[in-house]
Amino acid sequence: MTKIGIIGAMDEEVELLKSKLSNCSERTIAECEFYTGTIEGKEIVLLKSGIGKVNAAIGTTLLIQLFQPTAIINTGSAGGLDSSLHVGDLAISTEVRYNDVDATVFGYEFGQVPQMPAFYQPDDMLIDIAIEAAKTVGIPSKKGLILSGDSFMSDAALVEQLKRRFNYPLCSEMEAGAIAQVCHRFGVPFVIIRSLSDIAGAEAKVSYDEFLETASVNSANLVLAIVGRLG
């Protein structure tokens, strides 16, 4: 039976998904909250990991080791970097990179953790399913690069630097890189789904405060559509 791991960082990002779980049971380990149950007959392990890369890595490792999911979907909000995307729109990962790692003095690419890949490749089948599912939720979507780092992108100069440094990033957020790296190490297929709560830059916090719930619901609705298409 397919067992799908779904990861969100905050209450807002898992609330809708938790409400859809049948026969839900809860377990907390190292402050990571796990909710197990079913959605549309599929076995689900929903994790609220906490915010940031280390929390995400801890939670993802526990999820894989304790529950052995066949695939992992990461859901949540992000700050937009692509001018064609608007608040509430959806981003589907085709690659994931860190935006706050610099070992270039040793010949690595910017964003590349030493001895690790320069970027992390989501599962092709999950990407295709996400793209098809996005057509049914009535929200504009785009596939591409998602950046990840332990900073909220409210510095306009830093945002412009990231846009110059990376090729056409869709958005930036704070957990996906760690989740992708852990999935890579364990060989678990994954895809990252984000909805924009803000446009990264000086006004990002104001938008984030207003639209976090909208972004969280939009991302969760796409995850539900993906779950419905998984075998």
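Every residue gets a Cβ built from N, Cα and C, even glycine.
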* Structure fact -> Out of GLY79, GLY80, GLY88, GLY231, Swiss-Prot lists as part of the substrate site with MET153, MET174, GLU175 the residue GLY79
* Asked: Quick one: what's DSSP say for ASP198 (active site, proton donor), helix, strand or coil?
  -> strand
* Cβ-centroid neighbourhood (8 Å) of the substrate site, GLY79, MET153, MET174, GLU175 excluded -> ALA78, LEU147, SER148, GLY149, SER151, PHE152, CYS171, SER172, GLU173
* Just going by other Cβ atoms within 10 Å, which of the recorded positions GLU13, GLU175, ASP198 has the emptiest spot? -> ASP198
* Recorded substrate binding residues, GLY79, MET153, MET174, GLU175 - maximal Cα separation rounded to whole Å -> 14
* Structure fact -> Spacing of the two Cα atoms, MET153 (substrate binding site) and ASP198 (active site, proton donor), in whole angstrom, works out to 9
